[in-house]
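K.L.:
Structure provided below as C-alpha coordinates; questions to follow.
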Amino acid sequence: MRLPYILALDQGTTSSRAIVFDQDGVVRSVAQREFTQIFPQAGWVEHDPEEIWASQISVAVEALSRAELRSRHVAAIAITNQRETAVVWDRETGRPVYNAIVWQDRRTAGFCDQLKAAGHEEFVQQRTGLLIDSYFSGSKVRWILDNVPQARSLAERGRLAFGTVDSWLIWKLTSGKLHITDVSNASRTMLFNIHTCQWDEELLRLLEIPASMLPEVRSSSEVYGTVQTSLGLESIPIAGIAGDQQASLFGQRCTSPGMAKNTYGTGCFMLQNTGERAVPTSNRLVTTVAWKIGDVVEYALEGSVFIGGAVVQWLRDGLRLVRSSGEFQELANSVKDNGGVYVVPAFVGLGAPHWDQYARGGIFGITRGTTDGHVARAALESIAYQVADLLDAMQRDTGVPLPELRVDGGAAANETLLQFQADIMGVPVVRPSVTETTALGAAFLAGIAVGLWSDPQVIAKMPVEQKRFEPRMGSAEALALRHQWEKALSRVKGWEEA
(Lines of atoms letter the chains of each structure in order from A and count residues from 1; the text may use other names and numbers.)
(Lines give C-alpha, C1' and ligand atoms only; values in the text may rest on other atoms or scores of the structure.)
Protein backbone atom coordinates (compact mmCIF):
# COMPACT_ATOMS: atom_id res chain seq x y z
CA MET A 1 0.00 0.00 0.00
CA ARG A 2 1.34 3.44 -0.97
CA LEU A 3 1.69 5.76 2.03
CA PRO A 4 2.01 9.58 2.02
CA TYR A 5 5.80 9.63 1.82
CA ILE A 6 8.01 11.09 -0.90
CA LEU A 7 11.59 9.95 -1.44
CA ALA A 8 13.56 12.92 -2.78
CA LEU A 9 16.87 12.21 -4.50
CA ASP A 10 19.08 15.30 -4.22
CA GLN A 11 22.12 14.79 -6.43
CA GLY A 12 24.54 17.65 -5.69
CA THR A 13 27.97 18.78 -6.75
CA THR A 14 29.89 17.21 -3.88
CA SER A 15 27.49 14.62 -2.49
CA SER A 16 24.43 12.53 -3.25
CA ARG A 17 21.62 12.77 -0.72
CA ALA A 18 18.23 11.19 -0.17
CA ILE A 19 15.50 12.59 2.07
CA VAL A 20 12.16 11.06 3.01
CA PHE A 21 9.36 13.61 3.57
CA ASP A 22 5.89 13.03 4.95
CA GLN A 23 2.65 14.72 3.85
CA ASP A 24 3.35 17.73 6.10
CA GLY A 25 6.73 18.33 4.48
CA VAL A 26 8.54 17.07 7.58
CA VAL A 27 11.86 15.25 7.16
CA ARG A 28 11.60 11.63 8.29
CA SER A 29 15.10 10.49 7.35
CA VAL A 30 18.25 11.65 5.56
CA ALA A 31 21.21 9.81 4.04
CA GLN A 32 24.23 11.38 2.37
CA ARG A 33 27.42 10.24 0.66
CA GLU A 34 30.22 12.33 -0.79
CA PHE A 35 31.82 11.30 -4.07
CA THR A 36 35.08 11.99 -5.87
CA GLN A 37 35.90 15.36 -7.40
CA ILE A 38 38.18 14.93 -10.42
CA PHE A 39 40.49 17.76 -11.55
CA PRO A 40 42.42 16.54 -14.64
CA GLN A 41 43.83 20.00 -15.44
CA ALA A 42 43.61 23.54 -14.11
CA GLY A 43 40.06 24.76 -14.63
CA TRP A 44 38.69 21.28 -15.42
CA VAL A 45 36.17 19.62 -13.08
CA GLU A 46 34.71 16.16 -13.67
CA HIS A 47 32.63 13.48 -11.94
CA ASP A 48 32.38 9.77 -12.66
CA PRO A 49 28.73 9.20 -13.71
CA GLU A 50 28.84 5.62 -12.44
CA GLU A 51 29.96 6.86 -9.02
CA ILE A 52 27.15 9.43 -9.05
CA TRP A 53 24.68 6.61 -9.72
CA ALA A 54 26.17 4.25 -7.14
CA SER A 55 26.24 6.90 -4.43
CA GLN A 56 22.69 8.06 -5.20
CA ILE A 57 21.13 4.60 -5.20
CA SER A 58 22.92 3.65 -1.97
CA VAL A 59 21.67 6.70 -0.06
CA ALA A 60 18.15 6.19 -1.43
CA VAL A 61 18.03 2.67 -0.02
CA GLU A 62 19.62 3.86 3.23
CA ALA A 63 17.08 6.69 3.67
CA LEU A 64 14.17 4.27 3.24
CA SER A 65 15.73 1.90 5.76
CA ARG A 66 16.20 4.69 8.30
CA ALA A 67 12.55 5.70 7.86
CA GLU A 68 11.55 2.02 8.26
CA LEU A 69 9.83 2.04 4.87
CA ARG A 70 9.81 -0.34 1.92
CA SER A 71 9.50 0.67 -1.72
CA ARG A 72 5.82 -0.32 -1.77
CA HIS A 73 5.08 2.32 0.89
CA VAL A 74 6.48 5.28 -1.06
CA ALA A 75 4.04 7.42 -3.04
CA ALA A 76 6.69 8.77 -5.42
CA ILE A 77 10.32 9.52 -6.10
CA ALA A 78 11.36 13.11 -6.77
CA ILE A 79 14.63 14.06 -8.43
CA THR A 80 16.58 17.28 -8.07
CA ASN A 81 20.10 17.70 -9.31
CA GLN A 82 23.18 19.79 -9.95
CA ARG A 83 22.35 21.53 -13.22
CA GLU A 84 24.38 22.12 -16.40
CA THR A 85 26.69 19.18 -15.64
CA ALA A 86 26.76 17.14 -18.87
CA VAL A 87 26.70 13.35 -19.14
CA VAL A 88 27.04 11.56 -22.50
CA TRP A 89 26.56 7.80 -22.66
CA ASP A 90 26.22 4.98 -25.18
CA ARG A 91 22.60 3.86 -25.50
CA GLU A 92 23.61 0.28 -26.37
CA THR A 93 26.11 -0.34 -23.59
CA GLY A 94 24.62 2.08 -21.06
CA ARG A 95 28.13 3.27 -20.25
CA PRO A 96 29.35 6.88 -20.24
CA VAL A 97 31.78 7.71 -23.05
CA TYR A 98 33.52 10.26 -20.81
CA ASN A 99 33.31 11.60 -17.29
CA ALA A 100 30.52 14.07 -16.52
CA ILE A 101 31.80 17.58 -17.23
CA VAL A 102 30.73 19.64 -14.21
CA TRP A 103 29.06 23.05 -14.32
CA GLN A 104 32.19 24.60 -12.74
CA ASP A 105 34.41 23.36 -15.58
CA ARG A 106 36.01 26.11 -17.74
CA ARG A 107 37.66 24.08 -20.52
CA THR A 108 35.33 25.46 -23.18
CA ALA A 109 35.96 29.13 -22.36
CA GLY A 110 37.91 29.63 -25.59
CA PHE A 111 35.17 28.08 -27.70
CA CYS A 112 32.59 30.33 -26.01
CA ASP A 113 34.77 33.34 -26.83
CA GLN A 114 34.72 32.28 -30.48
CA LEU A 115 30.92 32.16 -30.44
CA LYS A 116 30.78 35.65 -28.95
CA ALA A 117 33.33 37.01 -31.42
CA ALA A 118 31.22 35.60 -34.26
CA GLY A 119 28.29 37.70 -33.01
CA HIS A 120 26.06 34.93 -31.63
CA GLU A 121 25.51 36.20 -28.08
CA GLU A 122 22.35 38.24 -28.70
CA PHE A 123 20.75 35.38 -30.66
CA VAL A 124 21.62 32.84 -27.95
CA GLN A 125 20.27 35.08 -25.20
CA GLN A 126 17.02 35.76 -27.06
CA ARG A 127 16.34 32.05 -27.53
CA THR A 128 17.66 30.60 -24.26
CA GLY A 129 17.64 33.46 -21.76
CA LEU A 130 21.30 32.59 -21.09
CA LEU A 131 24.63 34.19 -21.81
CA ILE A 132 27.25 32.33 -23.83
CA ASP A 133 29.43 30.77 -21.15
CA SER A 134 31.23 27.50 -20.51
CA TYR A 135 29.03 27.17 -17.39
CA PHE A 136 26.13 25.84 -19.49
CA SER A 137 25.87 22.34 -20.95
CA GLY A 138 25.95 22.95 -24.68
CA SER A 139 29.64 23.70 -25.09
CA LYS A 140 30.50 20.74 -22.83
CA VAL A 141 28.62 18.34 -25.12
CA ARG A 142 30.37 19.87 -28.13
CA TRP A 143 33.75 19.30 -26.43
CA ILE A 144 32.98 15.62 -25.84
CA LEU A 145 31.93 15.15 -29.46
CA ASP A 146 35.10 16.84 -30.69
CA ASN A 147 37.60 15.29 -28.29
CA VAL A 148 36.48 11.79 -27.30
CA PRO A 149 37.54 9.18 -29.90
CA GLN A 150 34.61 8.00 -32.06
CA ALA A 151 32.11 10.11 -30.09
CA ARG A 152 30.94 12.17 -33.04
CA SER A 153 30.56 9.18 -35.36
CA LEU A 154 28.62 7.30 -32.67
CA ALA A 155 26.41 10.35 -32.09
CA GLU A 156 25.66 10.72 -35.78
CA ARG A 157 24.58 7.07 -35.85
CA GLY A 158 22.16 7.70 -32.96
CA ARG A 159 24.15 5.69 -30.43
CA LEU A 160 24.89 8.47 -27.93
CA ALA A 161 22.54 10.02 -25.40
CA PHE A 162 23.10 13.33 -23.64
CA GLY A 163 21.50 14.41 -20.42
CA THR A 164 21.92 16.51 -17.36
CA VAL A 165 22.25 14.46 -14.17
CA ASP A 166 18.48 14.00 -13.80
CA SER A 167 18.35 12.32 -17.23
CA TRP A 168 21.22 9.99 -16.32
CA LEU A 169 19.60 8.95 -13.03
CA ILE A 170 16.21 8.33 -14.65
CA TRP A 171 17.83 6.31 -17.45
CA LYS A 172 19.49 4.14 -14.79
CA LEU A 173 16.40 3.91 -12.57
CA THR A 174 14.26 2.76 -15.50
CA SER A 175 16.90 0.43 -16.99
CA GLY A 176 17.12 2.58 -20.11
CA LYS A 177 13.39 2.81 -20.75
CA LEU A 178 13.17 6.59 -20.22
CA HIS A 179 15.45 9.26 -21.68
CA ILE A 180 13.79 12.42 -20.37
CA THR A 181 14.42 15.69 -18.60
CA ASP A 182 12.18 18.50 -17.38
CA VAL A 183 11.88 22.09 -18.62
CA SER A 184 13.91 23.53 -15.74
CA ASN A 185 16.96 21.40 -16.51
CA ALA A 186 16.55 21.77 -20.27
CA SER A 187 16.60 25.55 -19.87
CA ARG A 188 20.18 25.35 -18.53
CA THR A 189 21.73 23.65 -21.54
CA MET A 190 22.04 26.62 -23.97
CA LEU A 191 20.18 24.39 -26.46
CA PHE A 192 16.58 25.03 -25.37
CA ASN A 193 14.18 27.74 -26.53
CA ILE A 194 12.53 28.96 -23.33
CA HIS A 195 9.67 30.62 -25.23
CA THR A 196 8.56 27.58 -27.25
CA CYS A 197 9.80 25.12 -24.59
CA GLN A 198 11.44 22.97 -27.25
CA TRP A 199 14.97 22.11 -28.31
CA ASP A 200 16.12 24.78 -30.76
CA GLU A 201 17.24 23.46 -34.16
CA GLU A 202 19.31 26.56 -34.96
CA LEU A 203 21.20 26.29 -31.67
CA LEU A 204 21.86 22.60 -32.31
CA ARG A 205 23.26 23.46 -35.74
CA LEU A 206 25.39 26.25 -34.25
CA LEU A 207 26.95 23.86 -31.73
CA GLU A 208 26.95 20.89 -34.14
CA ILE A 209 25.05 18.62 -31.75
CA PRO A 210 22.78 15.93 -33.27
CA ALA A 211 19.17 16.22 -32.10
CA SER A 212 19.08 12.43 -31.64
CA MET A 213 21.25 12.80 -28.52
CA LEU A 214 18.70 14.89 -26.63
CA PRO A 215 16.20 13.72 -24.01
CA GLU A 216 12.46 14.25 -24.32
CA VAL A 217 11.44 17.38 -22.39
CA ARG A 218 8.59 16.90 -19.91
CA SER A 219 6.87 19.01 -17.25
CA SER A 220 8.27 19.26 -13.73
CA SER A 221 5.32 17.50 -12.10
CA GLU A 222 3.85 14.36 -13.67
CA VAL A 223 4.20 10.59 -13.35
CA TYR A 224 6.91 9.79 -15.89
CA GLY A 225 7.17 6.07 -15.21
CA THR A 226 8.23 3.66 -12.48
CA VAL A 227 11.54 2.37 -11.19
CA GLN A 228 12.57 -0.78 -13.06
CA THR A 229 15.69 -1.77 -11.11
CA SER A 230 15.73 -4.41 -8.38
CA LEU A 231 17.82 -2.41 -5.92
CA GLY A 232 15.18 -1.80 -3.27
CA LEU A 233 13.24 0.93 -5.10
CA GLU A 234 11.33 -1.22 -7.59
CA SER A 235 7.95 0.00 -8.92
CA ILE A 236 8.03 3.39 -7.17
CA PRO A 237 6.53 6.08 -9.46
CA ILE A 238 8.99 8.77 -10.60
CA ALA A 239 6.86 11.91 -10.46
CA GLY A 240 8.82 15.14 -10.07
CA ILE A 241 11.98 16.62 -11.61
CA ALA A 242 13.58 20.03 -11.17
CA GLY A 243 17.05 21.48 -11.29
CA ASP A 244 18.32 22.14 -7.80
CA GLN A 245 17.84 25.91 -7.78
CA GLN A 246 14.36 25.85 -9.25
CA ALA A 247 13.46 23.12 -6.75
CA SER A 248 14.75 25.33 -3.96
CA LEU A 249 12.62 28.26 -5.20
CA PHE A 250 9.56 26.00 -5.07
CA GLY A 251 10.56 24.53 -1.71
CA GLN A 252 10.85 28.05 -0.28
CA ARG A 253 7.22 28.58 -1.36
CA CYS A 254 8.28 31.38 -3.73
CA THR A 255 5.27 30.55 -5.88
CA SER A 256 4.14 34.14 -6.56
CA PRO A 257 5.84 36.71 -8.82
CA GLY A 258 8.33 38.93 -6.98
CA MET A 259 9.34 36.38 -4.34
CA ALA A 260 13.04 35.45 -4.23
CA LYS A 261 15.44 33.05 -2.55
CA ASN A 262 19.19 32.49 -2.33
CA THR A 263 20.81 29.11 -1.85
CA TYR A 264 24.23 28.97 -0.19
CA GLY A 265 25.76 25.79 -1.56
CA THR A 266 29.01 25.11 -3.37
CA GLY A 267 28.06 28.25 -5.25
CA CYS A 268 25.35 30.81 -4.52
CA PHE A 269 22.17 30.95 -6.55
CA MET A 270 19.56 33.67 -6.33
CA LEU A 271 16.25 33.23 -8.16
CA GLN A 272 13.24 35.52 -8.33
CA ASN A 273 9.88 34.25 -9.53
CA THR A 274 8.61 36.34 -12.48
CA GLY A 275 5.41 34.38 -13.09
CA GLU A 276 4.36 33.43 -16.60
CA ARG A 277 6.53 36.16 -18.15
CA ALA A 278 10.14 35.52 -19.18
CA VAL A 279 11.65 38.83 -18.04
CA PRO A 280 14.65 39.88 -20.15
CA THR A 281 17.74 41.08 -18.30
CA SER A 282 19.85 44.16 -18.90
CA ASN A 283 22.17 43.40 -15.99
CA ARG A 284 23.85 40.17 -17.05
CA LEU A 285 21.59 37.84 -15.11
CA VAL A 286 19.88 34.97 -16.90
CA THR A 287 16.24 34.27 -17.62
CA THR A 288 15.34 30.68 -16.89
CA VAL A 289 12.35 28.35 -16.68
CA ALA A 290 11.32 27.90 -13.05
CA TRP A 291 8.94 24.96 -13.54
CA LYS A 292 6.02 23.67 -15.54
CA ILE A 293 2.97 22.27 -13.76
CA GLY A 294 0.18 21.10 -16.02
CA ASP A 295 0.19 23.45 -19.00
CA VAL A 296 1.50 26.47 -17.07
CA VAL A 297 5.16 27.44 -17.48
CA GLU A 298 6.61 29.87 -14.93
CA TYR A 299 9.91 31.71 -15.22
CA ALA A 300 12.58 33.21 -12.99
CA LEU A 301 15.46 35.65 -13.11
CA GLU A 302 18.63 34.02 -11.84
CA GLY A 303 22.07 35.06 -10.78
CA SER A 304 24.71 32.39 -10.18
CA VAL A 305 27.92 32.72 -8.17
CA PHE A 306 30.42 29.94 -8.87
CA ILE A 307 32.18 29.84 -5.48
CA GLY A 308 30.12 30.31 -2.33
CA GLY A 309 30.46 27.71 0.41
CA ALA A 310 33.30 26.15 -1.59
CA VAL A 311 35.55 28.94 -0.28
CA VAL A 312 35.39 27.19 3.11
CA GLN A 313 36.44 23.91 1.49
CA TRP A 314 39.39 25.75 -0.07
CA LEU A 315 40.51 27.12 3.30
CA ARG A 316 40.21 23.61 4.75
CA ASP A 317 41.61 21.44 1.94
CA GLY A 318 43.74 23.88 -0.05
CA LEU A 319 45.31 26.24 2.48
CA ARG A 320 44.77 23.84 5.41
CA LEU A 321 43.91 26.85 7.54
CA VAL A 322 41.23 24.84 9.35
CA ARG A 323 40.39 21.16 9.72
CA SER A 324 36.59 21.38 9.72
CA SER A 325 33.68 23.70 9.00
CA GLY A 326 33.13 24.08 12.75
CA GLU A 327 36.72 25.18 13.21
CA PHE A 328 36.26 27.67 10.37
CA GLN A 329 33.26 29.19 12.13
CA GLU A 330 35.22 29.60 15.35
CA LEU A 331 38.12 31.20 13.48
CA ALA A 332 35.86 33.63 11.59
CA ASN A 333 34.17 34.63 14.85
CA SER A 334 37.49 35.11 16.67
CA VAL A 335 37.79 38.62 15.17
CA LYS A 336 35.23 41.46 15.22
CA ASP A 337 35.63 42.28 11.52
CA ASN A 338 37.77 41.49 8.48
CA GLY A 339 40.62 43.80 9.50
CA GLY A 340 40.53 45.39 6.05
CA VAL A 341 41.10 42.05 4.29
CA TYR A 342 39.02 41.06 1.24
CA VAL A 343 38.95 37.60 -0.33
CA VAL A 344 37.64 37.36 -3.89
CA PRO A 345 37.09 33.61 -4.52
CA ALA A 346 37.15 33.78 -8.33
CA PHE A 347 38.84 30.37 -8.52
CA VAL A 348 36.99 29.43 -11.72
CA GLY A 349 36.13 32.94 -12.90
CA LEU A 350 33.27 35.21 -11.86
CA GLY A 351 29.62 34.41 -12.47
CA ALA A 352 26.72 36.87 -12.46
CA PRO A 353 26.55 39.78 -12.82
CA HIS A 354 30.20 40.04 -13.96
CA TRP A 355 30.61 36.93 -16.17
CA ASP A 356 34.39 37.07 -16.38
CA GLN A 357 35.73 33.59 -17.09
CA TYR A 358 39.30 34.91 -16.94
CA ALA A 359 39.07 36.33 -13.41
CA ARG A 360 41.04 34.49 -10.72
CA GLY A 361 41.01 34.58 -6.93
CA GLY A 362 42.81 37.10 -4.78
CA ILE A 363 43.34 38.23 -1.19
CA PHE A 364 43.72 41.98 -0.64
CA GLY A 365 44.44 44.34 2.22
CA ILE A 366 46.95 42.13 4.05
CA THR A 367 49.17 43.86 6.65
CA ARG A 368 51.52 42.69 9.40
CA GLY A 369 48.48 42.77 11.67
CA THR A 370 46.49 40.34 9.53
CA THR A 371 45.67 37.05 11.24
CA ASP A 372 44.20 33.76 10.09
CA GLY A 373 40.97 34.94 11.70
CA HIS A 374 40.82 37.96 9.40
CA VAL A 375 41.33 35.75 6.33
CA ALA A 376 38.57 33.38 7.50
CA ARG A 377 36.24 36.31 8.21
CA ALA A 378 36.98 37.84 4.80
CA ALA A 379 36.30 34.50 3.11
CA LEU A 380 32.94 34.26 4.89
CA GLU A 381 32.04 37.83 3.97
CA SER A 382 32.97 37.22 0.32
CA ILE A 383 29.91 34.99 0.06
CA ALA A 384 27.65 37.82 1.25
CA TYR A 385 29.23 40.42 -1.04
CA GLN A 386 28.66 38.24 -4.10
CA VAL A 387 25.01 37.70 -3.14
CA ALA A 388 24.57 41.46 -2.62
CA ASP A 389 25.88 42.03 -6.16
CA LEU A 390 23.21 39.63 -7.45
CA LEU A 391 20.46 41.38 -5.50
CA ASP A 392 21.43 44.79 -6.89
CA ALA A 393 21.35 43.46 -10.47
CA MET A 394 17.99 41.76 -9.93
CA GLN A 395 16.39 44.89 -8.52
CA ARG A 396 17.66 46.93 -11.48
CA ASP A 397 16.08 44.44 -13.90
CA THR A 398 12.69 44.28 -12.20
CA GLY A 399 12.56 47.84 -10.88
CA VAL A 400 11.02 46.44 -7.70
CA PRO A 401 12.75 46.53 -4.28
CA LEU A 402 12.91 43.10 -2.70
CA PRO A 403 10.99 43.04 0.62
CA GLU A 404 12.95 40.06 1.97
CA LEU A 405 15.34 37.35 0.83
CA ARG A 406 14.58 33.73 1.74
CA VAL A 407 17.68 31.60 2.19
CA ASP A 408 18.69 27.96 2.40
CA GLY A 409 21.64 25.66 1.76
CA GLY A 410 24.47 24.45 3.96
CA ALA A 411 26.00 27.85 4.76
CA ALA A 412 22.57 29.20 5.77
CA ALA A 413 23.24 27.54 9.13
CA ASN A 414 25.91 30.20 9.71
CA GLU A 415 24.16 33.04 11.54
CA THR A 416 27.20 35.32 11.34
CA LEU A 417 26.94 35.09 7.56
CA LEU A 418 23.19 35.71 7.49
CA GLN A 419 23.40 38.75 9.77
CA PHE A 420 26.20 40.22 7.65
CA GLN A 421 24.14 39.43 4.53
CA ALA A 422 21.19 41.42 5.86
CA ASP A 423 23.50 44.25 6.94
CA ILE A 424 25.35 44.59 3.65
CA MET A 425 22.15 44.45 1.53
CA GLY A 426 19.89 46.45 3.83
CA VAL A 427 17.22 43.77 3.28
CA PRO A 428 15.81 41.28 5.84
CA VAL A 429 17.01 37.69 5.45
CA VAL A 430 14.59 34.88 6.30
CA ARG A 431 15.70 31.30 7.01
CA PRO A 432 13.19 28.45 7.39
CA SER A 433 13.70 26.03 10.26
CA VAL A 434 13.89 23.19 7.72
CA THR A 435 16.72 24.09 5.33
CA GLU A 436 16.23 21.00 3.11
CA THR A 437 14.28 23.21 0.74
CA THR A 438 15.84 21.91 -2.49
CA ALA A 439 14.76 18.34 -1.80
CA LEU A 440 11.47 19.60 -0.36
CA GLY A 441 10.69 21.54 -3.55
CA ALA A 442 11.21 18.42 -5.65
CA ALA A 443 9.09 16.44 -3.18
CA PHE A 444 6.29 19.01 -3.50
CA LEU A 445 6.38 18.70 -7.31
CA ALA A 446 6.19 14.91 -7.10
CA GLY A 447 3.49 15.08 -4.45
CA ILE A 448 1.30 17.30 -6.64
CA ALA A 449 1.66 14.77 -9.46
CA VAL A 450 0.44 11.85 -7.32
CA GLY A 451 -2.24 13.80 -5.46
CA LEU A 452 -0.67 14.32 -2.02
CA TRP A 453 -1.15 18.06 -2.54
CA SER A 454 -3.66 19.57 -4.96
CA ASP A 455 -1.73 22.59 -6.25
CA PRO A 456 1.06 25.12 -5.45
CA GLN A 457 -1.35 27.40 -3.58
CA VAL A 458 -1.98 24.69 -0.98
CA ILE A 459 1.77 24.31 -0.51
CA ALA A 460 2.27 28.08 -0.21
CA LYS A 461 -0.17 28.14 2.72
CA MET A 462 1.53 25.35 4.67
CA PRO A 463 2.94 26.71 7.97
CA VAL A 464 6.69 27.36 8.05
CA GLU A 465 8.81 28.11 11.10
CA GLN A 466 11.53 30.62 10.31
CA LYS A 467 14.14 32.95 11.74
CA ARG A 468 14.43 36.53 10.54
CA PHE A 469 17.64 38.58 10.38
CA GLU A 470 16.99 42.34 10.23
CA PRO A 471 19.66 44.79 8.99
CA ARG A 472 21.58 46.40 11.87
CA MET A 473 24.43 48.15 10.06
CA GLY A 474 24.13 51.79 9.04
CA SER A 475 23.88 52.45 5.30
CA ALA A 476 27.06 54.58 5.24
CA GLU A 477 29.12 51.78 6.78
CA ALA A 478 27.62 49.22 4.40
CA LEU A 479 28.38 51.42 1.38
CA ALA A 480 31.99 51.89 2.52
CA LEU A 481 32.48 48.13 2.84
CA ARG A 482 30.87 47.55 -0.57
CA HIS A 483 33.23 50.12 -2.10
CA GLN A 484 36.27 48.21 -0.83
CA TRP A 485 34.81 44.95 -2.13
CA GLU A 486 34.31 46.51 -5.56
CA LYS A 487 37.93 47.71 -5.53
CA ALA A 488 39.12 44.16 -4.80
CA LEU A 489 36.84 42.79 -7.55
CA SER A 490 38.36 45.14 -10.09
CA ARG A 491 41.83 43.74 -9.37
CA VAL A 492 40.97 40.12 -10.26
CA LYS A 493 39.01 40.69 -13.45
CA GLY A 494 40.68 39.52 -16.65
CA TRP A 495 43.64 38.08 -14.74
CA GLU A 496 44.26 35.21 -17.18
CA GLU A 497 43.05 36.94 -20.32
CA ALA A 498 45.43 36.67 -23.27
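Cβ from N, Cα, C; glycine included.
What you are looking at is a predicted structure, and each value in this text was computed from that prediction instead of being measured.
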K.L.:
Out of Asp200, Asp244, Asp295, which does Swiss-Prot tie to the same sn-glycerol 3-phosphate site as Thr13, Arg83, Glu84, Tyr135?
P.N.:
Asp244
K.L.:
Taking just the CA atoms, what is the gap between Ser15 (ATP binding site) and Asp244 (sn-glycerol 3-phosphate binding site) in Å?
P.N.:
13
K.L.:
For a quick check of understanding: given the listed glycerol-binding residues Arg83, Glu84, Tyr135, Asp244, Gln245, what is the maximum Cα-Cα distance in angstrom, as an integer?
P.N.:
15
K.L.:
Using a 10 Å cut-off on Cβ-Cβ distances across all protein chains shown, tell me which of the binding-site residues (Thr14, Ser15, Gln245, Thr266) has the largest neighbour count.
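P.N.:
When each Cβ's neighbours within 10 Å are tallied, Gln245 leads.
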K.L.:
What whole-number Å value do you get for the CA-CA distance of Asn414 (ADP binding site) and Thr266 (ATP binding site)?
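P.N.:
Pair distance, Cα basis, whole Å: 14 Å.
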K.L.:
Could you give the Cα-Cα distance between Glu84 (sn-glycerol 3-phosphate binding site) and Thr266 (ATP binding site), in whole Å?
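P.N.:
That separation, Cα to Cα, works out to 14 Å.
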K.L.:
Taking only the Cα atoms, work out how far Tyr135 (sn-glycerol 3-phosphate binding site) lies from Thr13 (ATP binding site), in Å, as a whole number.
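P.N.:
It is 14 Å, counting Cα to Cα.
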K.L.:
Find, for the listed binding-site residues Thr13, Gln313, Asn414, the residue with the lowest Cβ contact count at a 10 Å cut-off, counting only other Cβ atoms.
P.N.:
Gln313
